[in-house]
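Pulled from TrEMBL, these are the features on record:
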ACT_SITE  107  active site, proton acceptor
BINDING   32, 33, 34, 35, 85, 86, 87, 88, 98, 99, 100, 101, 125  substrate binding site
Ligand SMILES: O=C[C@H](O)[C@H](O)[C@H](O)COP(=O)(O)O
């Protein structure tokens, strides 16, 4: 299987994984990106098994609506039974880097609300230590230079993702050169910088389950009991 086929395989597996957890009142959290897009397309096959979705981006909301899946404002929803999304990197503890598609802040919010976070990824996303993929940091535009200087002090090499404005009106700095041995501490340290909206480390709220496509198969991996290391 090539990378695209692996993305499709994990997306299909995610629908099979969540279907028994759903009833006609359930709201499904839906992520952003090429793997999440496949998930949305397969999710449409089980329309009627759940009530609707909340989306982590305008793009995903549009794709859901195009399939006739109702999309709710997160503020109007009491409970998100499960959140399914891709990642740019995952380590063996299911700490993630996300935000390659600039959707990290809304992804983090939906993940925070969801009872269970199911990550879907092809094997190219698997790393022993996070940081080979540049870490996306969403910033208030007027704070970009200040945040960049602080990120240099943390050992990174931030690069402005020129021309990209997020769904929240933020800008993105992609931080190169980080070898993230303590993801939860790094996530917290970056959040302390004034002007940061969110960063793409999901370590204080890692995935609960990873459906990983590699060697032609989909493996189901669970996060360790004690997250955040
Ligand atoms: O902002 C985008 C998201 O974090 C995506 O989930 C991530 O970039 C992975 O995207 P893809 O499935 O296209 O590799």
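Note: Cβ is positioned from N, Cα and C throughout, glycine not excepted.
Just so it is clear, the model here is predicted, and its values are computed rather than measured.
Around residue 34 (substrate binding site), a 10 Å sphere centred on its CB holds 15 further CB atoms from the protein chains shown. Once Cβ contacts within 10 Å are tallied over all protein chains shown, the binding-site residues 98, 125 are led by 98. Here the binding residues for substrate are 32, 33, 34, 35, 85, 86, 87, 88, 98, 99, 100, 101, 125. Their largest Cα to Cα distance works out to 15 Å.
Other residues of the chain with a Cβ within 8 Å of the Cβ centroid of 32, 33, 34, 35, 85, 86, 87, 88, 98, 99, 100, 101, 125, the substrate site, are 31, 36, 103. A helical conformation is recorded for residue 125 (substrate binding site) in the three-state DSSP classification.
Residue 85 (substrate binding site) sits 8 Å from residue 107 (active site, proton acceptor), taking the C-alpha atoms as the reference points.
Residue 98 (substrate binding site) sits 8 Å from the residue listed as 'active site, proton acceptor', taking the Cα positions as reference.
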